[in-house]
Amino acid sequence: MSATENISPSVIKRITKELDALRTHPPEGIRVVMNELNICDVQAWISGPESTPYEGGFFKVKVVFGTDFPTVPPKCNFITKIFHPNVSKTGEVCVDTLKRDWNKDYGIEHILLTIKCLLIVPNPESALNDDAGKLLLDSYEDYAKRAQMMTSIHAQYKPTVFSSNNSISITPTSTSSTPSVSTSSTSQKIITSQVKSPVNINTITPASAYTSLVTPLAVSKSKNESESANGLKKISTSAPPENSSPSVTPKKRAGDKKLDKKQVDKKRSLKRL
């Protein structure tokens with residue numbers, strides 16, 4: 001009997017479509033692995049978010065869709081061992097999105113992003129791992145050290161699916177050479193929640209940045225040109241006219257001196273006679 005025999009064709013079509021979309025445009029830090037024998041048995045890799053005890057680790061997650069999906073949420077388990085309040089020692093995941101807050105419109109991407117969000121913001125009040133939950137409430141530093149140690153032991157294998165460069169979807173725009181990052185609304189909420197001091201980049205535009213760089217140079221260049229022009233005007237104004245040059249007494253040449261001496265000698269000879 002096929003593993004998907006009791007699942008409606010519409011559900012199979014929906015899961016297939018979502019998996020194809022995730023493979024083509026995966027969310028940042030998430031990769032799905034197709035199971036050709038059972039499309040309802042989805043496996044995914046989640047990279048540990050930055051600035052968390054799980055940073056640098058890669059965690060394998062299994063999502064199993066039952067015959068009553070999407071009315072009933074799928075079952076999610078961590079295959080990679082992890083020290084986390086909301087993940088049991090057997091890997092079961094406890095999150096409200098997969099229980100009382102479930103919505104049949106939630107897709108695979110939403111589920112995986114919710115699990116990744118748990119790595120960023122754990123909830124010790126609804127802990128499946130009592131040791132992790134208690135340690136987190138008592139001392140975050142001790143909890144972080146324990147989680148980092150488990151990550152360094154069990155989650156250091158980097159899967160080949162992370163070798164590609166399509167972790168985010170970049171769509172070039174026609175009005176700017178800067179690429180825009182395409183993310184889902186859930187992913188944007190996760191990212192926004194991690195930013196403590198957001199910078200309003202809307203106040204900086206390419207036009208204003210270009211103007212701030214070019215204007216001082218243009219003013220300086222214009223100033224130099226005007227100074228040069230004024231300098232030329234001053235020089236041309238102070239220069240004497242061509243016909244007003246001062247008179248200079250010409251010096252006698254050597255030939256003229258010889259002629260004068262001959263005339264003197266001639267006069268002396270005449271006097272003697």
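Here the Cβ of each residue, glycine as well, is placed from N, Cα and C on the backbone.
Those TrEMBL annotations? Automatic predictions, nothing curated.
As annotated by TrEMBL, domain 'UBC core' applies to 10-156.
Positions annotated as active site, glycyl thioester intermediate by TrEMBL: Cys94. If you take the C-beta of Cys94 (active site, glycyl thioester intermediate) and look for same-chain residues 6 or more apart in sequence within under 8 angstroms, you find Asn86, Val87, Ser88, Ser126, Ala127, Leu128. Cys94 (active site, glycyl thioester intermediate) falls within neither a helix nor a strand when secondary structure is assigned with DSSP, and so counts as coil.
According to TrEMBL, the region 'Disordered' annotation covers 221-273.
Residues annotated as compositional bias 'Polar residues' in TrEMBL: 235-248.
Taken from TrEMBL, the feature compositional bias 'Basic and acidic residues' applies to 256-267.
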